[in-house]
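Contents: one structure, followed by commentary.
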Amino acid sequence: MEREYTAFFDSGIGGLTVLREFFRRYPSEKCIYLGDNENAPYGNRPEWEIKSLSERAFRTLAKYPLKAAVIACNTVTAECADRLREKYPFPIVGMEPAVKPAAAFAGEGKVLLLATRATLASARVHALVRTYENSGGIVAHCPERLAGDIESRIFDLRRVRLREYLPADKFSAVVLGCTHYIFLRTRMQSFYGCRVFDGNAGTVARLAQVARLGPPAPQMAETAADVGRNAATSGTADHRDVQIGTADHFAQKTNKCSKNFQISPKNCPIFIGKSANFNETVFKMLLKDQN
């Protein structure tokens, strides 16, 4: 059987931002999305439960002929990526906070890393921070319940009282270490008045490498000057060796969706799981978002 699908898995809707990033660059690729929305978010769950839920999801995904799979969740990547890679034959790409480009951009300024409790407690993220921490320092903060608030209020995000979740301080760069937070990217950028980074572009770049997808759609090609605006590589096992200026590096702003990319019956991603219809609705909403 030909391996033809690229699968995306997240605890809920956060991974849809990664799927959109991929869809904009590879609109003809066949994709599957599985969101475990009924158990979202994973970030405050114990490690054993995160592993159990993730294993169940991958058993479902493994029934499809996959060329690659994306763990579109920083928490699951931190807790389960190595174990899942040992178990399944297809390449698995994970999410990682864009600490490296954010620290380089901030220079001597402080960097704010926003992530779930499980992500911040992981050895993987501790190593990432130790490796790339700049002279200004990296402040890690867990906005408890923010991911769940976004999940439940996705159709009216104005109801999310963002200020209540964020530390009131001045930062030179902000890293979104949870894919759910990307839905509030514009508001966070306005709140802090600095550049906001996420790992979506780096994940898609790495996916293109391991799945050997080739260059993206022509209208998505970028210049080297565009690269790095929004998290190219994190420098760890998931996001490494992506060369600036080549077809493998696509760091255009993730939250600006082109009207040229519309879903048609031929290229519509397949949404599976109990929340398939809900996730498909949110994804179509994302494609219309120009922010």
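One is the number of the first residue shown, and numbering goes on along the chain from there.
Note that Cβ sites are derived from N, Cα and C of the backbone, with glycine treated the same way.
Residues or ranges marked as substrate binding site in TrEMBL: Asp10, Ser11, Tyr42, Gly43, Asn74, Thr75, Thr179, His180. Residues annotated as active site, proton donor/acceptor in TrEMBL: Cys73, Cys178.
Positions of the features from TrEMBL, shown on the structure.
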| residue | record | Cβ contacts under 8 Å, 6 or more apart |
| --- | --- | --- |
| Asp10 | substrate binding site | Leu16, Val18, Leu34, Gly35, Asp36, Ile71, Ala72, Cys73, Val76, Thr179 |
| Ser11 | substrate binding site | Gly35, Asp36, Asn37, Asn39, Ala40, Pro41, Tyr42, Gly43, Leu53, Cys73, Thr75, Val76 |
| Asn74 | substrate binding site | Met95, Glu96, Pro97, Ala115, Thr116, Thr119, Val125, Gly177, Cys178, Thr179, Gly199 |
| His180 | substrate binding site | Gly12, Ile13, Gly14, Pro41, Leu146, Ala147, Ile150, Glu151 |
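Counted within 10 Å of its Cβ, the other Cβ atoms near Thr75 (substrate binding site) come to 33, all protein chains included.
Apart from the site residues Asp10, Ser11, Tyr42, Gly43, Asn74, Thr75, Thr179, His180, the chain places the Cβ of Gly12, Gly14, Gly15, Ala40, Pro41, Cys73, Val76, Thr116, Thr119, Ala147, Cys178 no farther than 8 Å from the centroid of the site's Cβ atoms, the recorded substrate location. The maximal spread of the substrate binding site, taken as the longest Cα to Cα distance among Asp10, Ser11, Tyr42, Gly43, Asn74, Thr75, Thr179, His180, is 12 Å. Around Thr179 (substrate binding site), taking its Cβ as the centre, 29 other Cβ atoms fall within 10 Å, counting all chains. Every protein chain shown contributes to the tally, and the Cβ of Cys178 (active site, proton donor/acceptor) ends up with 27 other Cβ atoms within 10 Å.
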